[in-house]
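**Q** Just lifted these from TrEMBL, have a look:
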TRANSMEM  16-41  transmembrane segment
TRANSMEM  62-81  transmembrane segment
TRANSMEM  87-109  transmembrane segment
TRANSMEM  130-151  transmembrane segment
TRANSMEM  171-193  transmembrane segment
TRANSMEM  213-236  transmembrane segment
TRANSMEM  256-278  transmembrane segment
Amino acid sequence: MSTSDGFSFNITYPNLSAGLSFCTAIVVAIQLCCLVFYILVMELLQAQRALTLRNFFTPANTLLFASLVSLLAMTLLNGFYSLGTTPLLEALIQFCLGTIELCYTFFSAERSQLIVTTLFPSRLKLFKSTISLAPAIYYAQVIPPILHMFLDSDEAANLYKGANKWHVICYTFNALAGIFLILVDTALLAAFLHFIFKARKGGFRADPQLDKVAWYGVYASAACYVTFLVFGAAFLGGGGSWRDSSEESVGLRRVVMTLAICMIDIVLMTLFGMKVAVNRLERYGVKMNTAAAAQNEFVGATATTANTTAITAHSFAVDACDSGRRTIEPSKAMEM
């Protein structure tokens, strides 16, 4: 692009990727502040709970907080990585990515455990065993960049360019982690849909909170599928051959990768929405239970008062009757 005074500048793929990354980082930082504010005000102060680390960092809050912090770090690192590639930056990005994937998997598994237990009690053990493999699979993505650090400069310079064995190994680890995440997410999506359809058909009376978890789980899974497709496009070359090591192709892959990172934020915000919706139902349920208890107490007190009044009136009538009898009987005795 150029201006009338002769000043010109170019929007290159690295600059576009870096700018998009830093803008996303600002958005994620604001979302992180919103999460902290929501926990402090809505979950602690309004609920009149003690302001302690234990109450703040509940399992769900810890997973969501860690995932947003990791996404913030990942967006910043990706911005610097777009301007200059180093193995250390790549290792840190992969570590943040693994942490986000792990938090997403654990958060979804924790929220959906009751649904899985309700629908598939015999498969709960298999579900937990599968989830336990997640840390090893996700953090294995850090291995190729770490190996990259120990290569000589000539081989390291071409590690992520062209079709060499390290390039294949790196993308293979990413692909395995992505496939594992999609398989777990597909199983959860099947459970969510089965729960929703069964509840709609009257198979059982669904708890409102579980219904919200199921619906938001479907939304998060849909966003996760789109994110996986965008990551796949980045791995496959961003519209070109992944074997193409030209500057334009590498830059385009970086832009598509940055878009995939932005999609992660949508997934995490869906989980945040799930948390807000479930907590709102919890507060509404507490208010309804309190109102019902107060109403029952009022009705009970009114009934008790009415019963007491009736008993008092009955006792007064009996006493009056007895008093009349005591007054009449002596006169009869005198007549006799």
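Note: Cβ is positioned from N, Cα and C throughout, glycine not excepted.
Automatic prediction, not curation, is the source of TrEMBL annotations.
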**Q** Do the transmembrane segment (171-193) and the transmembrane segment (256-278) share at least 3 Cβ pairs under 8 Å, sequence separation 6 or more?
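**A** Stretch pair does not touch.
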**Q** Using a Cβ cut-off under 8 Å, which residues of the same chain at least 6 positions beyond either end of the transmembrane segment (130-151) come close to it?
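**A** Counting only partners 6 or more residues beyond its ends, the transmembrane segment (130-151) has Cβ contacts under 8 Å with 87-88, 90-91, 94-95, 97-99, 101-102, 105-106, 109, 159, 166, 169-170, 173-174, 176-177, 180-181, 184.
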**Q** By Cβ distance under 8 Å, which residues at least 6 away from the ends of the transmembrane segment (256-278) in the same chain are close to it?
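**A** Beyond its ends, the transmembrane segment (256-278) has Cβ neighbours at 17, 20-21, 24, 27-28, 31, 35, 38, 60, 64, 67-68, 71, 74-75, 78, 82, 100, 104, 107-108, 111, 209, 212-213, 216-217, 219-220, 223-224, 226-227, 230-231, 233-234, 238-239.
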